[in-house]
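Step one of this worksheet: look at the structure below.
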Amino acid sequence: MLDPTYPAFPIFAFLGIVCCLVPLPWHLQSWNSGTCFLMIWTAVACLNMFVNSIIWKDHAQNVAPVWCEISIRITLGASVGIPASSLCIVRRLYSIAKKFRAVMVDALICVLFPILYIILQIVVQGHRFNILENIGCFPAIINTPLTYPLTFMWPVLIGVISFIYSTLALIQFNRHRLQFTQFLHSNSTLSVSRYLRLMALAMTEMMCTTPMGVFVIILNAKATPVSPYVSWAVTHYGYGRIDQVPAIIWRSNRLLVASYELTRWSSPAIALIFFFYFGFAQEARRNYAAAWGWVRRAVGLPERVPSLPTTKKPFSSSDKGSGFAEKFAAKAKGLSSFNVKDFTSEFTSKAHDFTFKAKQYTLPRPMPQTPSSSGFSSSDSTRFGSSVDGKELPSPTTKEFSSPIPIHLSGMQTLASFDSNKDLPSPPAYDVEAQYGPYNIDNRVSYHIADAGVRASYPMGVAYSSDSEHRRIVPQHSTVPQHNTADEPASPALPDTPSSCSSSATFSTLQSRDFIVLPSTTDVTRGTGSLPTRRSPAGPPRLPSLSQLFGISSMTRERDVEAQVEDVATGTASPTTTAPAPASTTIAPASATMAPATTTTAPTTIANIQRGEPDVPASPRTHRASV
């Protein structure tokens, strides 16, 4: 009778052999003993079934008795060797630290235990073997009560133990995931990906072999009657006989067909599952490439297959891409003779011709000098070209702003009139502070510093930079270096445009989002007084409040300020509402045209200075210069 599974079964059995033997070398190098034993047992079982299916595909003659003696031992050993290998895999995953001891234990489980199992089968083996048509050699195990604990129980028991180990390993991996991952990364032979693939392989094998073992037990109990085990002599009477069973007989019993087919198809199925987990991994692809290189060199094949000719013409010197490459190379070659000095001088000359629109920038309202009861709308704003105190505010692009604050840009030391560090002195810096007064809005006081060369950083408010004809309004807690001397070089004329700057002892860096520097045109000799100063503290900088950072104040205080400014502008300030002006100091400029410094009689004391300090810290980006 022809085998309905022929030639499908021999093909899959051969594929199982290949799938198990191909990954074996690199698993041997990494000393994965459980995986190696699983591959060996599966490959041997597939080889056994492959040979049997080829030899006895259409008959049941005893043509290879010696092979049958070996074949039945392989079948018995593989029935427990494969589950035992799976047990070794999950046990190794549970305790992966002790490698040498694990290899020895795996060898005992996967080699010694199957050998003992094969020896014990002699107790329930009634004769030498059976030859089943289409299947081949098969063990002749009698169906007695002693057969179940000696033969059928072990695959199921090993599967249960493997399930317990795999559960414990998964719990341990989930509980100590971080430490486990670090340990796996330190292990050169076991990665997280391989760990998970091994666990998946072991669990898949358990889900296949354990239920199948239970099913085989049930089938054997129902397919043939269970005979009592009498004695050794009765069981082994006529031990030398060989039963030859045609396919038409054993295929007539569906339970026997299911039992035999499950037994022989299990090995190729496990081989394919193993290859599915490990045959497409990164190390497998790397070894495939190495093997192909060896075969290619042995056969003499070229390293790469020559590509077919295309209709596209190769690039020539007349192509657009080639011309672009030549132009780019010529320009790159010209960079070697690039003169930075000529470039910056040319840029400087062009920067002087750069202009802005007059009404593009908006100035904040000028701070009042004396309080007043009248005010103006909070929506009013002062722009370039408008007038304050009867004087028109010129555009920052006019020549009146002839002394801009020198600012330094990294990598652009010679750009326009941005002077280099050598052109700036390094005077000691002081904090400008004032006595607290009843009309100080948000603890802010305006000071008048008559010095055309003042260079300062302002953590809050606005500073005004101009020549000696105009005022510089310096908010409270601003860092103001000493005035320039006659020996200092004059800064080149450049329109004073809004810039962001941060201070240091030499004012040598430019940083964004710090301060705004804009011009002012108010008379510097008006309302000046003594200016108390003290050295910069060594403590950390302070952070501004939201109102100081964004220039926001309450509507009531804003209207009071507007009223005070209106009274000052119209000259109608009430003497009864005038508070004593805070102490201030006028720093005389180097120019002889400036008014002499005047001071008020208000005392300058530590208490007054501390009382005038704001409740919120200054900006953390303010770098105060130390002496």
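Heads up, the Cβ atoms here are built off N, Cα and C, so glycines get one too.
Topological domains recorded in Swiss-Prot put Ala64 on the other membrane side from Pro302.
Under the criterion of 3 or more C-beta pairs below 8 Å, with sequence separation of 6 or more, the transmembrane segment (151-171) and the transmembrane segment (70-90) qualify as touching. Under the criterion of 3 or more C-beta pairs below 8 Å, with sequence separation of 6 or more, the transmembrane segment (198-218) and the transmembrane segment (70-90) qualify as touching. Highlighted: of the candidate stretches 8-28, 103-123, 261-281, 103-123 has the greatest count of Cβ pairs under 8 Å to the transmembrane segment (70-90).
Remote same-chain residues near the topological domain 'Extracellular' (124-150) are listed as 1-3, 5-6, 49, 51-53, 55-62, 65, 67-69, 71-72, 75-76, 217, 220-221, 224-229, 235-236, 238-247, 250, 260, 264 (criterion: CB distance under 8 Å, separation of at least six residues from the stretch ends).
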